[in-house]
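I have placed the structure first, in the form of structure tokens, so that the comments after it can refer back to it.
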Amino acid sequence: MSGFNISYSVDRCPDDCSGQGTCDDQSATCKCKHGFTGDTCNIPVVTKETGRSSTATLMRIAGSGSGVLLQGRAMHQAVVFNHSMWVFGGKFFSSAFTQRRHLEVARYEFGSSQWSVVQQRGTNIPPNTYGHSLVSYKNSMYLYGGAHTFDSNNVTNALWRFDPARLEWAQVSHKEARVDCHLPTPLCPPVPAVGHAAVMVNQSMLVFFGHHPILGYLNMVQEYRIGSVKWELVQTRGAVVKGGFGQSAVYDERSQQVLIFGGYHSTGNAGSVVDYLYSYRPSTRSWSILRPSGIHRYLHSAALLDGVMLIFGGNTHNDTSQQSGDRCFAADTLAYDVECDLWQTVKIKESPNVTQGFRRFGHSAVTYNGSMYIFGGFNGRMLSDTLKLSPAHCEALDKECLSFSLLHGTKCIFATGEGCLKHTLANLRGYPQKKGANCSLLKHSSLPINLTQVCEKQTNCRSCLHNSFDCVWCDSTCAHKKCPKHLSAAVVKVNASQCLESESLACDKLHNCQACHSDERCAFKKSNGCIGFMLSDGNKTERAVSEDLRAECDTHCSDKRDCATCTAGQSSGCMWCSNLARCLETNAYAAMFPLGQCTEWSTGRCDRLYCSRIRSCRDCLQHERCGWCDDGSDTGKGRCMEGANNGPVVTGVDVSQVANGTEQMGATCIAPASWNFITCPACQCNGHSTCVPGTTECVQPCANNTHGPNCERCQKGYYGSPINGGACQPCMCNGHGLDCHHETGKCNCTTKGLIGKHCEACDNTNQYWGNPVDGGTCFYKLSIDFQYTFNLSHDDPFTAINFMNMPPRVGHDVEFQISCSTPALVNISISFGSPEPSGEPRGGLLQVSPTRQCGSFKMPLSHEEFKFGTRNATLYVHVFNLSTPAILQVAFSQHRALDLLQFFITFSSCFLSLLIIAAVLWKIKQKYDLYRRRQQLFVEMEQMASRPFAGVTVELCPPPYALPPQLHQPGGRPTPVALEPCSAGKAAVISLIVRLPRQDNTSAVPSGQSGIAIASALVSLSQLGGKGQQNSIRDSELQGHHKGDCWKPNTNVGTCL
């Protein structure tokens, strides 16, 4: 939270009682005159009201000045009995009441508006508590739980019964439900609690939630049956809700439900204020979630008036270091319509006497005669006044009768003929209203709420479906009305009976290990928190957690007794309250110190929490409990002690020593003149010098190897804390550094690859090897035939870097190459024999080359001289006198000299091999080409064989070639054996068989020649189809055929030669 400014003045009584009272010197409080009230007697008392108001009114009706001096208090409880308001216990800040051992009971009479302190009888009086609960039943009052005012860590489970007629107390004993009750498992009622809420339903007292020092925020309902004197932990049904601290609870007899609103809940190691509204039905022992208010708070009060629950005051600030705009004290009053499930902020008309100071939390509230009476509370100081909040009168409302009545803290109904009536009165007079009939008229004026976000916050199937938001369960996600697009394929559940037991566990509501293990179905894992273990066995669900599967809980924060143990570990979840010397969970501050009793806490740094551990005067005086005791040397030396402006504590005991159980501080400050509580002594040289006379400047140079305006730092080459006489020690860097950190002594190593506070080790992770102790150093191991680049930045303190390489090949020369971007010196050495396991050279080093400028150069190293690879020769390179920034490139390479004979033999062998391979490939190509030709020929022959063909009959006539006259056909002519038309159909290729000339007109054919041949010619189809041919064909058909004719019709396959 952001800081603040504070101003103060010192008087006997505040504002001198405003001239309207007298000051009590012993208690420093005002006794007001008649007609005035308030801590400064500046508030006039209003004793009665006049007229009927059309809006809610808030007025202060009585205070500590009315009849008796009543001390301010908070987190008390009150009930109405026999026309009086009875107030029990509470937290006090007044020194006269802080250590009060017995419970205080006060009584306010409504008729006379007077307070009185009840004189309790007997010796069996309960100790004074706060954060308890109080209910009335018949002629008795029952007080349960709470924390003792003298020890807030002592949370009790005691139940007390008070008889207002006899003014006597009796502690109620109860019957044990089981004989094996022990914490944390199994839990047995009554469980100690503070900040819980309780209501009376029939003959049972129901206790909701609260906080326990070990279990944390309780997530349970406890029931006490007055008739049978038995406690029970209720096994609830319906929604799975999360319990908290500082919530309110009221019972509505008409709807037979308990309404629990607000509270402070845990969220892991943190906590937050909530605006949740739960409904619990005692008849079915079931939970449901109602519409949240949108305005979170806790330690508020709630009262039910004619179907409207009024919420007054409360703390709305979430515990955070960031300013969020939330106020610690709520400035608005809320109204909730039970029937319509709607919220509204009440418009209140404040009387002049409550314009200031009505905001508060930790107060009590009761209802009497249609009004809400608020007493006490805390608003930065303890209050003792009484406020009266009265809702508007329905008769005074006109147009706002129904639509805006909730805005004025009441619920009205318009009755024809009678006007605006209170809805309970309208029902009595015969104007029954159908449930929810008028709710639609109120929705437009109610507080807005995003139901989509409300549904998405539900992490449990039962909680998702037991509410009034129209939520649906999509696999493992709760959504409003329908599943989102990315879960469109999910199994949608709209009825709570569809929920599996594994989807309905309350494990995620239990925030610490002890609370988690109180449920047999849950187990606590440090990485995942409290999770459920369920095994499915057919249609049954069995418990899958046994004691051996549960991780043993760490020591609880409340069992840790000092700051170091409390805050040890980054995820301890504990915080240390120094002024009370107590350890608690980080999310428990609001529950254990609701009124800011812990003024200083820490989750990590313990030294600054105790005066004796603070070493400088300036830091000492920044602590509100510490002062500086100067030793009188006028050098600034002294010690920080706990005390005040008038001197250190007289006991001489320091809080830190008490917390740690060690020795006491011893003697206090020597003389009053040596004690400094507001300002430090003028001379502050930390004991290493004195001041120049008449000034605050230290004489320079400072002694003891220190320097600075106040000799507050060690010189270069030294380290330590010279504050308040501390010593400076020389830096211990094993010769590899010139200076170190002035406080921690960590050396700035000047050779790259050295690590450790004192440069005592090599960085093996990054391949640096060696032994830097006793004059050794570290080397970077280089591989052969690789070039390495090292980039040293300006911030690096390095002035040297070393390399090593072991050439592996026998008979090969080594070439070393290096390039430096800035001036530096380099030398190369060699050692023989394997290096030590650490990488340090074994034996002495033989210098290969003299020291030379780095620059850029190459250096060959002959294998004949150094016998690389046979004697485990290792080369070492030292680069020094280096300045940054710099870039270094370094490489070792190893290869042999060229052998001409071997070269030519190798060349010739390769050339001949290539020729042979080429010849073989050429022969293979030839074979392949021949194969391809043959295959192509086969394909062609196949194609030729597949063409159409027909037989032709040829008649050869012997010479003379002329036919006998009896066989001669007039007009006969040879016919073609084949006719192949062209594509256009106008020309064709015809083929005929012709007889070749014979030798000497004989039938003999010359040797080597054929006697017949086929002749082809391109002809026009029109000539073939001419008149002469047509007539010839026709004559042939008419005359018939004769043996030996040369002419055959076209349809006959044959020809005549």
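Glycine too: its Cβ is placed from the backbone N, Cα and C atoms.
TrEMBL labels come from automatic prediction, so no person has curated them.
Database features (TrEMBL):
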type	residues	note
DISULFID	Cys13-Cys23	disulfide bond
DISULFID	Cys32-Cys41	disulfide bond
DISULFID	Cys702-Cys711	disulfide bond
DISULFID	Cys714-Cys728	disulfide bond
DOMAIN	9-42	domain 'EGF-like'
DOMAIN	683-730	domain 'Laminin EGF-like'
TRANSMEM	900-924	transmembrane segment
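Feature annotations (TrEMBL) mapped to structure.
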residue: Cys13; record: disulfide bond; DSSP (3 states): coil
residue: Cys23; record: disulfide bond; DSSP (3 states): strand
residue: Cys32; record: disulfide bond; DSSP (3 states): strand
residue: Cys41; record: disulfide bond; DSSP (3 states): coil
residue: Cys702; record: disulfide bond; DSSP (3 states): coil
residue: Cys711; record: disulfide bond; DSSP (3 states): coil
residue: Cys728; record: disulfide bond; DSSP (3 states): strand
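Comparing Cα positions, Cys714 (disulfide bond) lies closest to Cys702 out of the disulfide-bonded residues Cys13, Cys23, Cys41, Cys702. Comparing C-alpha positions, Cys702 (disulfide bond) sits nearest to Cys728 among the disulfide-bonded residues Cys13, Cys23, Cys32, Cys41, Cys728. The disulfide-bonded residues in question are Cys13, Cys23, Cys41, Cys711, and the one with the fewest Cβ neighbours inside 10 Å is Cys23.
When other Cβ atoms within 10 Å of the Cβ of Cys702 (disulfide bond) are tallied across all protein chains shown, the result is 24. Rounded to a whole number, the C-alpha distance linking Cys23 (disulfide bond) with Cys41 (disulfide bond) is 10 angstrom.
Looking at Cys13 (disulfide bond) and Cys711 (disulfide bond), their Cα atoms lie 48 Å from each other.
The two recorded residues, Cys728 (disulfide bond) and Cys711 (disulfide bond), show a Cα separation of 11 Å.
Cβ neighbour density within 10 Å is lowest for Cys728 among the disulfide-bonded residues Cys32, Cys714, Cys728. Mean pLDDT across the domain 'Laminin EGF-like' (683-730) comes to 93 in this model.
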